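Trainee: Can you keep this structure in mind? I'll have questions shortly.
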């Protein structure tokens, strides 16, 4: 519907609201004699509604085109396939997985106050996690005590033994015993205590078996076992200088020496108290329970020199 407006006297531009250019409205039926031509609201609404579909088509087409162009650009820019992560140089699908390096620990050693070198140990927790954790804590001083300023107390033909930390108590020793038994079950027949291995002493290898004796309990005679000597508290450790199968039932392996075996060899060459267990006098004294024989036995294979861990810790 198109209405054409012819100018008349007194007609004002404010007579109609603004309409689009394609919708021109003229009124030829208006009388020139009338001072002002007025339109009803109904005529104006009809005029606007009749032109609305065309207006919607004109105004919506550019936005639709822009939206389609934007979507097309997003599809073009988005990758059709995820880029594969680059493979590290020198590695293939058949390459073994990268394993985390074992933690390293160190022991600085002095003999009679003279610094002789450092022993570096790689700690392995794969078979004995409790033992490895215990050794790591003691060597780093995490529980408030450490191996620092503690001495090596025994030098045997196949290993050297550190005295441990007596103030640590016996907490957690049962777990070490269980790990030692499991490692013995998994053994393939060869000794685990090879040259350079490091382990926590769970049982004393030189400790004699318990004595069996008759005791009276509740009016009855019973057989009881009597422990001889003091059991380790799970803080003493040994370093094997050679293969030591005699340690397989008493020592829990938790690592190996990766540097400083020359220092270990130097410790093993220190003169010690000669073992005299074959003496008939010693045998008789031990048989009758003479305490002097027990004290003398504890001193066998002890170094004459003072071998001390001057410093210890973990290597970052």
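Residue 1 is the first one shown; counting continues down the chain.
Cβ atoms here come from the backbone N, Cα and C positions, even for glycine.
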Trainee: Under TrEMBL, the annotation region 'Disordered' belongs to which of these stretches: 15-42, 43-70, 71-98?
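Mentor: From TrEMBL, the annotated region 'Disordered' range turns out to be 71-98.
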Trainee: Looking only at the domain 'PPIase cyclophilin-type' (106-314), what is the model's average confidence as pLDDT?
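Mentor: PLDDT averaged over the stretch: 87.
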